[in-house]
(Lines of atoms letter the chains of each structure in order from A; the text may use other names.)
(Lines give C-alpha, C1' and ligand atoms only; values in the text may rest on other atoms or scores of the structure.)
Protein backbone atom coordinates (compact mmCIF):
# COMPACT_ATOMS: atom_id res chain seq x y z
CA UNK A 1 0.00 0.00 0.00
CA UNK A 2 1.30 3.42 -0.97
CA UNK A 3 2.50 5.53 1.95
CA UNK A 4 0.25 8.47 2.75
CA UNK A 5 1.74 11.95 2.67
CA UNK A 6 -0.73 13.94 4.75
CA UNK A 7 -2.94 11.54 6.70
CA UNK A 8 -1.62 10.20 9.99
CA UNK A 9 -3.20 7.79 12.47
CA UNK A 10 -5.95 10.30 13.26
CA UNK A 11 -6.52 12.34 10.13
CA UNK A 12 -4.45 15.38 9.16
CA UNK A 13 -2.99 17.49 11.94
CA UNK A 14 -0.47 20.29 12.42
CA UNK A 15 0.19 23.84 13.50
CA UNK A 16 -2.25 26.37 12.09
CA UNK A 17 -0.54 28.50 9.44
CA UNK A 18 2.04 25.85 8.65
CA UNK A 19 1.48 23.36 5.86
CA UNK A 20 -0.81 21.46 5.73
CA UNK A 21 -3.09 23.36 8.15
CA UNK A 22 -3.39 26.49 5.99
CA UNK A 23 -6.53 28.02 4.44
CA UNK A 24 -5.23 27.21 0.96
CA UNK A 25 -4.60 23.55 1.73
CA UNK A 26 -7.85 23.00 3.63
CA UNK A 27 -9.78 24.55 0.74
CA UNK A 28 -8.11 22.09 -1.63
CA UNK A 29 -8.64 19.26 0.86
CA UNK A 30 -12.36 20.02 0.96
CA UNK A 31 -12.52 19.91 -2.83
CA UNK A 32 -10.46 16.70 -3.04
CA UNK A 33 -12.54 15.01 -0.35
CA UNK A 34 -15.68 16.18 -2.09
CA UNK A 35 -14.55 14.67 -5.39
CA UNK A 36 -13.85 11.30 -3.76
CA UNK A 37 -16.95 11.21 -1.59
CA UNK A 38 -19.16 12.28 -4.49
CA UNK A 39 -18.00 9.20 -6.37
CA UNK A 40 -19.48 7.17 -3.52
CA UNK A 41 -22.88 8.84 -3.84
CA UNK A 42 -22.40 11.52 -1.18
CA UNK A 43 -24.46 14.69 -1.12
CA UNK A 44 -24.48 15.75 2.54
CA UNK A 45 -21.53 16.08 4.93
CA UNK A 46 -21.79 16.77 8.69
CA UNK A 47 -19.07 19.13 9.97
CA UNK A 48 -18.29 19.62 13.66
CA UNK A 49 -15.42 21.21 15.55
CA UNK A 50 -13.99 21.80 19.00
CA UNK A 51 -13.48 25.22 20.60
CA UNK A 52 -10.23 26.34 18.96
CA UNK A 53 -10.24 29.86 17.54
CA UNK A 54 -8.96 28.52 14.22
CA UNK A 55 -11.98 26.25 13.87
CA UNK A 56 -14.15 29.01 12.46
CA UNK A 57 -11.65 29.84 9.73
CA UNK A 58 -11.03 26.22 8.79
CA UNK A 59 -14.75 25.44 8.84
CA UNK A 60 -15.39 28.17 6.27
CA UNK A 61 -12.68 27.18 3.82
CA UNK A 62 -13.43 23.49 4.22
CA UNK A 63 -17.05 24.14 3.26
CA UNK A 64 -15.93 26.27 0.31
CA UNK A 65 -13.88 23.34 -0.96
CA UNK A 66 -16.70 20.86 -0.51
CA UNK A 67 -19.18 23.23 -2.19
CA UNK A 68 -16.87 23.66 -5.17
CA UNK A 69 -17.04 19.89 -5.64
CA UNK A 70 -20.84 19.97 -5.43
CA UNK A 71 -21.31 18.74 -1.85
CA UNK A 72 -23.49 20.41 0.78
CA UNK A 73 -22.37 20.81 4.39
CA UNK A 74 -24.32 20.72 7.65
CA UNK A 75 -22.64 22.58 10.53
CA UNK A 76 -23.14 21.52 14.15
CA UNK A 77 -20.94 24.08 15.89
CA UNK A 78 -18.65 23.00 18.76
CA UNK A 79 -19.47 19.40 19.65
CA UNK A 80 -17.52 16.29 20.77
CA UNK A 81 -15.95 14.12 18.07
CA UNK A 82 -18.05 11.04 18.98
CA UNK A 83 -21.18 13.15 18.48
CA UNK A 84 -20.23 13.56 14.82
CA UNK A 85 -19.83 9.79 14.47
CA UNK A 86 -23.32 9.38 15.94
CA UNK A 87 -24.95 12.17 13.92
CA UNK A 88 -23.41 10.99 10.66
CA UNK A 89 -25.25 7.70 11.09
CA UNK A 90 -28.56 9.00 12.42
CA UNK A 91 -28.88 11.86 9.92
CA UNK A 92 -28.02 9.51 7.04
CA UNK A 93 -25.12 11.72 5.96
CA UNK A 94 -22.57 10.21 3.63
CA UNK A 95 -19.66 11.35 5.78
CA UNK A 96 -18.74 13.35 8.86
CA UNK A 97 -15.80 15.71 9.34
CA UNK A 98 -14.34 16.91 12.63
CA UNK A 99 -12.10 19.97 12.87
CA UNK A 100 -9.95 19.29 15.93
CA UNK A 101 -6.47 18.48 17.15
CA UNK A 102 -7.77 16.49 20.12
CA UNK A 103 -5.46 16.95 23.15
CA UNK A 104 -2.99 19.27 21.35
CA UNK A 105 -2.57 22.99 22.21
CA UNK A 106 -4.87 25.61 20.67
CA UNK A 107 -2.37 26.60 17.97
CA UNK A 108 -2.68 23.14 16.40
CA UNK A 109 -5.69 21.90 14.50
CA UNK A 110 -6.65 19.04 12.26
CA UNK A 111 -9.22 17.36 10.06
CA UNK A 112 -10.55 13.84 10.48
CA UNK A 113 -13.21 12.05 8.49
CA UNK A 114 -15.93 9.60 9.46
CA UNK A 115 -17.70 7.20 7.12
CA UNK A 116 -21.45 6.76 6.76
CA UNK A 117 -21.17 3.99 9.39
CA UNK A 118 -19.66 6.43 11.90
CA UNK A 119 -16.17 4.92 11.75
CA UNK A 120 -12.90 6.48 10.62
CA UNK A 121 -12.64 6.35 6.83
CA UNK A 122 -10.46 3.50 5.51
CA UNK A 123 -6.92 3.93 4.22
CA UNK A 124 -8.09 3.49 0.63
CA UNK A 125 -10.35 6.55 0.84
CA UNK A 126 -7.58 8.62 2.45
CA UNK A 127 -5.23 7.63 -0.38
CA UNK A 128 -7.86 8.52 -2.97
CA UNK A 129 -8.24 11.97 -1.39
CA UNK A 130 -4.47 12.48 -1.45
CA UNK A 131 -4.43 11.53 -5.14
CA UNK A 132 -7.00 14.25 -5.88
CA UNK A 133 -4.91 16.81 -3.97
CA UNK A 134 -2.33 16.59 -6.73
CA UNK A 135 -4.82 17.67 -9.37
CA UNK A 136 -6.03 21.11 -10.43
CA UNK A 137 -9.11 22.36 -8.58
CA UNK A 138 -11.99 22.64 -11.03
CA UNK A 139 -15.22 24.06 -9.64
CA UNK A 140 -18.57 22.56 -10.60
CA UNK A 141 -21.13 24.68 -12.46
CA UNK A 142 -22.95 27.29 -10.38
CA UNK A 143 -26.21 25.35 -10.40
CA UNK A 144 -24.43 22.33 -8.88
CA UNK A 145 -22.58 24.12 -6.05
CA UNK A 146 -23.04 22.72 -2.56
CA UNK A 147 -25.13 24.52 0.02
CA UNK A 148 -24.79 25.10 3.76
CA UNK A 149 -27.19 24.52 6.65
CA UNK A 150 -26.98 24.17 10.43
CA UNK A 151 -28.33 21.72 13.00
CA UNK A 152 -29.59 23.80 15.90
CA UNK A 153 -30.32 20.82 18.14
CA UNK A 154 -27.16 18.77 17.53
CA UNK A 155 -26.09 18.95 21.18
CA UNK A 156 -29.58 17.98 22.41
CA UNK A 157 -29.61 14.96 20.10
CA UNK A 158 -26.24 13.79 21.41
CA UNK A 159 -27.23 14.39 25.05
CA UNK A 160 -30.32 12.22 24.57
CA UNK A 161 -28.18 9.54 22.91
CA UNK A 162 -25.64 9.47 25.75
CA UNK A 163 -28.35 9.31 28.42
CA UNK A 164 -29.91 6.43 26.51
CA UNK A 165 -26.79 4.32 27.15
CA UNK A 166 -27.34 4.63 30.93
CA UNK A 167 -29.80 2.23 32.56
CA UNK A 168 -33.10 3.88 33.51
CA UNK A 169 -33.19 1.69 36.62
CA UNK A 170 -30.28 3.48 38.30
CA UNK A 171 -29.55 7.08 39.26
CA UNK A 172 -26.52 9.18 40.16
CA UNK A 173 -28.36 10.77 43.08
CA UNK A 174 -26.00 11.20 46.02
CA UNK A 175 -22.86 11.25 43.89
CA UNK A 176 -20.75 14.39 43.68
CA UNK A 177 -18.80 14.54 40.42
CA UNK A 178 -16.13 17.04 39.38
CA UNK A 179 -15.76 17.31 35.61
CA UNK A 180 -12.88 18.99 33.77
CA UNK A 181 -13.93 19.64 30.18
CA UNK A 182 -10.52 20.97 29.05
CA UNK A 183 -12.23 24.16 27.83
CA UNK A 184 -13.16 21.99 24.88
CA UNK A 185 -16.05 20.43 23.04
CA UNK A 186 -17.69 18.78 26.08
CA UNK A 187 -17.94 22.01 28.12
CA UNK A 188 -21.73 22.27 27.98
CA UNK A 189 -22.75 18.72 27.18
CA UNK A 190 -20.96 16.62 29.83
CA UNK A 191 -22.05 18.64 32.90
CA UNK A 192 -25.65 18.71 31.68
CA UNK A 193 -25.78 14.95 31.11
CA UNK A 194 -24.48 14.20 34.58
CA UNK A 195 -26.87 16.67 36.22
CA UNK A 196 -29.84 15.25 34.34
CA UNK A 197 -28.89 11.77 35.58
CA UNK A 198 -28.98 12.99 39.17
CA UNK A 199 -25.38 13.81 40.05
CA UNK A 200 -24.27 16.93 41.86
CA UNK A 201 -21.78 18.41 39.40
CA UNK A 202 -18.84 20.74 39.93
CA UNK A 203 -17.61 21.86 36.50
CA UNK A 204 -14.13 23.22 35.74
CA UNK A 205 -12.43 23.82 32.41
CA UNK A 206 -15.74 25.02 30.99
CA UNK A 207 -14.84 28.57 29.94
CA UNK A 208 -13.45 28.22 26.41
CA UNK A 209 -12.03 31.38 24.84
CA UNK A 210 -10.61 29.78 21.70
CA UNK A 211 -7.07 29.71 23.06
CA UNK A 212 -7.29 27.88 26.39
CA UNK A 213 -8.32 24.45 25.14
CA UNK A 214 -6.22 21.75 26.92
CA UNK A 215 -4.19 24.47 28.67
CA UNK A 216 -3.26 23.18 32.14
CA UNK A 217 -6.46 21.15 32.20
CA UNK A 218 -8.24 18.10 30.82
CA UNK A 219 -6.61 14.72 30.27
CA UNK A 220 -3.17 16.21 29.63
CA UNK A 221 -2.99 17.88 33.07
CA UNK A 222 -5.23 16.52 35.83
CA UNK A 223 -3.64 18.42 38.74
CA UNK A 224 -6.50 20.93 39.02
CA UNK A 225 -9.01 18.11 38.88
CA UNK A 226 -7.23 16.18 41.61
CA UNK A 227 -7.10 19.26 43.82
CA UNK A 228 -10.78 20.05 43.24
CA UNK A 229 -11.93 16.49 43.94
CA UNK A 230 -10.21 16.61 47.31
CA UNK A 231 -11.36 20.17 48.09
CA UNK A 232 -14.98 19.35 47.23
CA UNK A 233 -14.89 15.95 48.97
CA UNK A 234 -16.25 14.57 45.70
CA UNK A 235 -16.87 10.92 44.90
CA UNK A 236 -15.10 11.06 41.55
CA UNK A 237 -13.42 13.34 39.02
CA UNK A 238 -13.65 13.02 35.23
CA UNK A 239 -11.28 14.74 32.79
CA UNK A 240 -12.00 14.89 29.05
CA UNK A 241 -9.66 15.95 26.28
CA UNK A 242 -10.35 18.83 23.90
CA UNK A 243 -12.63 16.93 21.54
CA UNK A 244 -14.18 14.54 24.04
CA UNK A 245 -13.09 11.22 22.57
CA UNK A 246 -10.94 10.28 25.54
CA UNK A 247 -11.32 10.39 29.30
CA UNK A 248 -9.24 9.95 32.47
CA UNK A 249 -10.63 9.67 36.01
CA UNK A 250 -9.62 10.60 39.55
CA UNK A 251 -10.90 8.67 42.58
CA UNK A 252 -12.10 10.23 45.84
CA UNK A 253 -8.57 10.07 47.27
CA UNK A 254 -7.14 12.04 44.34
CA UNK A 255 -5.46 9.10 42.60
CA UNK A 256 -5.39 8.94 38.80
CA UNK A 257 -7.37 6.16 37.10
CA UNK A 258 -6.15 5.67 33.52
CA UNK A 259 -7.55 3.97 30.44
CA UNK A 260 -6.26 0.53 31.43
CA UNK A 261 -8.02 0.67 34.80
CA UNK A 262 -11.16 2.11 33.23
CA UNK A 263 -11.47 -0.66 30.66
CA UNK A 264 -10.85 -3.29 33.36
CA UNK A 265 -13.72 -1.89 35.43
CA UNK A 266 -16.07 -1.80 32.44
CA UNK A 267 -15.13 -5.30 31.21
CA UNK A 268 -15.55 -6.85 34.66
CA UNK A 269 -18.92 -5.14 35.13
CA UNK A 270 -20.09 -6.41 31.73
CA UNK A 271 -18.90 -9.92 32.64
CA UNK A 272 -20.77 -9.83 35.96
CA UNK A 273 -23.94 -8.84 34.10
CA UNK A 274 -23.46 -11.58 31.51
CA UNK A 275 -23.11 -8.98 28.76
CA UNK A 276 -19.42 -9.40 27.84
CA UNK A 277 -18.89 -10.57 24.27
CA UNK A 278 -15.47 -12.15 23.66
CA UNK A 279 -12.67 -10.23 25.30
CA UNK A 280 -10.86 -6.90 25.36
CA UNK A 281 -8.72 -5.27 22.68
CA UNK A 282 -5.79 -3.15 23.88
CA UNK A 283 -2.65 -1.76 22.27
CA UNK A 284 1.10 -2.18 22.54
CA UNK A 285 0.98 0.58 25.17
CA UNK A 286 -1.52 -1.27 27.38
CA UNK A 287 -0.08 -2.14 30.78
CA UNK A 288 0.91 -5.75 31.44
CA UNK A 289 -1.04 -5.47 34.67
CA UNK A 290 -4.25 -5.09 32.66
CA UNK A 291 -3.52 -8.24 30.66
CA UNK A 292 -2.77 -10.29 33.79
CA UNK A 293 -5.78 -8.94 35.70
CA UNK A 294 -8.14 -9.79 32.85
CA UNK A 295 -6.55 -13.24 32.57
CA UNK A 296 -7.39 -13.91 36.24
CA UNK A 297 -11.03 -13.20 35.37
CA UNK A 298 -10.86 -15.49 32.36
CA UNK A 299 -11.28 -12.57 29.95
CA UNK A 300 -9.23 -12.84 26.72
CA UNK A 301 -6.98 -9.91 25.81
CA UNK A 302 -5.21 -9.06 22.56
CA UNK A 303 -2.99 -6.15 21.54
CA UNK A 304 -2.92 -4.12 18.36
CA UNK A 305 -0.93 -1.15 17.06
CA UNK A 306 -1.30 2.18 18.85
CA UNK A 307 -4.24 4.21 17.56
CA UNK A 308 -7.97 3.95 18.11
CA UNK A 309 -8.58 3.08 14.45
CA UNK A 310 -6.44 -0.04 14.86
CA UNK A 311 -8.27 -0.96 18.06
CA UNK A 312 -11.59 -0.65 16.22
CA UNK A 313 -10.32 -2.69 13.27
CA UNK A 314 -9.34 -5.54 15.59
CA UNK A 315 -12.68 -5.33 17.41
CA UNK A 316 -14.53 -5.64 14.11
CA UNK A 317 -12.27 -8.51 13.07
CA UNK A 318 -12.86 -10.48 16.29
CA UNK A 319 -16.45 -9.45 16.97
CA UNK A 320 -15.46 -8.20 20.43
CA UNK A 321 -17.29 -5.15 21.79
CA UNK A 322 -14.77 -3.51 24.15
CA UNK A 323 -11.43 -1.91 23.30
CA UNK A 324 -9.25 0.87 24.68
CA UNK A 325 -5.94 2.67 24.81
CA UNK A 326 -4.35 3.51 28.15
CA UNK A 327 -4.50 7.18 27.14
CA UNK A 328 -8.25 7.03 27.74
CA UNK A 329 -9.67 6.22 24.30
CA UNK A 330 -12.41 3.73 25.17
CA UNK A 331 -14.49 2.18 22.39
CA UNK A 332 -17.71 0.44 23.39
CA UNK A 333 -19.29 -0.88 20.21
CA UNK A 334 -22.57 -1.59 21.97
CA UNK A 335 -22.96 2.19 22.19
CA UNK A 336 -20.80 4.05 19.66
CA UNK A 337 -18.38 3.41 16.82
CA UNK A 338 -15.50 5.51 18.10
CA UNK A 339 -13.85 6.52 21.37
CA UNK A 340 -16.42 8.33 23.50
CA UNK A 341 -15.26 9.91 26.76
CA UNK A 342 -18.74 10.77 28.03
CA UNK A 343 -20.20 7.31 27.45
CA UNK A 344 -17.13 5.59 28.92
CA UNK A 345 -17.49 7.74 32.03
CA UNK A 346 -21.16 6.82 32.36
CA UNK A 347 -20.27 3.12 32.18
CA UNK A 348 -17.81 3.48 35.07
CA UNK A 349 -20.37 5.43 37.10
CA UNK A 350 -22.84 2.65 36.38
CA UNK A 351 -20.36 0.09 37.72
CA UNK A 352 -19.93 2.15 40.88
CA UNK A 353 -23.68 2.21 41.46
CA UNK A 354 -24.23 -1.45 40.51
CA UNK A 355 -21.54 -2.61 42.94
CA UNK A 356 -22.10 0.06 45.62
CA UNK A 357 -18.35 0.66 45.54
CA UNK A 358 -16.05 3.65 45.25
CA UNK A 359 -13.90 4.06 42.16
CA UNK A 360 -10.86 3.45 44.36
CA UNK A 361 -12.20 0.06 45.48
CA UNK A 362 -13.20 -0.91 41.94
CA UNK A 363 -9.52 -0.53 40.99
CA UNK A 364 -8.16 -2.73 43.78
CA UNK A 365 -8.10 -5.93 41.76
CA UNK A 366 -5.98 -4.52 38.94
CA UNK A 367 -2.32 -4.04 39.79
CA UNK A 368 -0.54 -2.00 37.13
CA UNK A 369 3.17 -2.46 36.51
CA UNK A 370 5.38 0.63 36.89
CA UNK A 371 5.47 2.34 33.50
CA UNK A 372 7.44 5.39 32.38
CA UNK A 373 6.52 7.30 29.22
CA UNK A 374 8.81 10.05 27.87
CA UNK A 375 7.98 12.20 24.84
CA UNK A 376 10.92 13.69 22.90
CA UNK A 377 10.22 16.51 20.44
CA UNK A 378 12.02 16.10 17.11
CA UNK A 379 13.86 19.14 15.78
CA UNK A 380 14.89 17.66 12.43
CA UNK A 381 13.61 15.23 9.80
CA UNK A 382 16.21 12.63 10.78
CA UNK A 383 14.66 9.49 12.23
CA UNK A 384 16.55 8.65 15.46
CA UNK A 385 14.96 5.19 15.57
CA UNK A 386 17.51 3.99 13.00
CA UNK A 387 20.44 5.37 15.00
CA UNK A 388 22.93 2.76 16.19
CA UNK A 389 23.13 4.66 19.49
CA UNK A 390 19.39 4.28 20.08
CA UNK A 391 19.38 0.64 18.96
CA UNK A 392 22.24 -0.12 21.37
CA UNK A 393 20.47 1.67 24.23
CA UNK A 394 17.34 -0.42 23.66
CA UNK A 395 19.35 -3.65 23.67
CA UNK A 396 21.07 -2.68 26.93
CA UNK A 397 17.71 -1.86 28.51
CA UNK A 398 16.21 -5.16 27.36
CA UNK A 399 19.10 -7.04 28.97
CA UNK A 400 18.59 -5.11 32.21
CA UNK A 401 14.88 -5.99 32.29
CA UNK A 402 15.73 -9.67 31.67
CA UNK A 403 12.28 -10.56 30.27
CA UNK A 404 10.53 -8.99 33.26
CA UNK A 405 9.37 -5.93 31.38
CA UNK A 406 8.78 -4.28 28.01
CA UNK A 407 10.26 -1.50 25.91
CA UNK A 408 8.34 0.36 23.23
CA UNK A 409 9.85 3.20 21.21
CA UNK A 410 7.90 4.71 18.33
CA UNK A 411 7.15 7.89 16.42
CA UNK A 412 3.79 9.47 17.16
CA UNK A 413 1.23 9.31 14.39
CA UNK A 414 -0.23 12.71 15.31
CA UNK A 415 2.73 14.80 16.53
CA UNK A 416 6.40 15.25 15.61
CA UNK A 417 7.64 13.40 18.67
CA UNK A 418 9.22 10.10 19.65
CA UNK A 419 7.56 8.21 22.50
CA UNK A 420 9.71 6.05 24.77
CA UNK A 421 7.87 3.64 27.07
CA UNK A 422 9.51 1.28 29.54
CA UNK A 423 7.54 -1.07 31.77
CA UNK A 424 8.71 -3.48 34.45
CA UNK A 425 8.40 -4.62 38.04
CA UNK A 426 10.83 -2.15 39.64
CA UNK A 427 9.81 1.52 39.40
CA UNK A 428 13.32 2.93 39.86
CA UNK A 429 14.76 0.62 37.21
CA UNK A 430 11.94 1.50 34.80
CA UNK A 431 12.54 5.24 35.26
CA UNK A 432 16.31 4.92 34.87
CA UNK A 433 16.05 2.85 31.70
CA UNK A 434 13.45 5.16 30.14
CA UNK A 435 15.71 8.16 30.78
CA UNK A 436 18.69 6.23 29.39
CA UNK A 437 16.89 5.51 26.11
CA UNK A 438 15.43 9.02 25.93
CA UNK A 439 18.91 10.52 26.29
CA UNK A 440 20.09 8.35 23.40
CA UNK A 441 17.17 9.57 21.26
CA UNK A 442 17.92 13.21 22.10
CA UNK A 443 21.59 12.75 21.26
CA UNK A 444 20.68 11.23 17.89
CA UNK A 445 17.98 13.67 16.79
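The backbone N, Cα and C atoms fix where each Cβ goes, glycine too.
DSSP assigns residue 102 (active site, phosphoserine intermediate) to coil in the three-state reduction, placing it in neither a helix nor a strand. Residues near residue 102 (active site, phosphoserine intermediate) in space but far in sequence (CB under 8 A, at least 6 apart, same chain), listed by position: 10, 13, 81, 110, 241, 242, 243, 245, 246, 414. Sequence annotations record features per position, and here Swiss-Prot assigns active site, phosphoserine intermediate to 102.
The Mg(2+) binding site annotation in Swiss-Prot covers 102, 241, 243, 245 and rests on sequence analysis.
The phosphoserine annotation in Swiss-Prot covers 102 and is backed by sequence analysis.
In sequence order, 50, 80, 81, 100, 103, 184, 185, 240, 242, 244, 246, 339, 341 are the same-chain residues whose CB sits within 8 A of the CB centroid of 102, 241, 243, 245, the residues recorded for Mg(2+) being left out.
Within 10 Å of the C-beta of residue 245 (Mg(2+) binding site) there are 33 other C-beta atoms, taking all protein chains into account.
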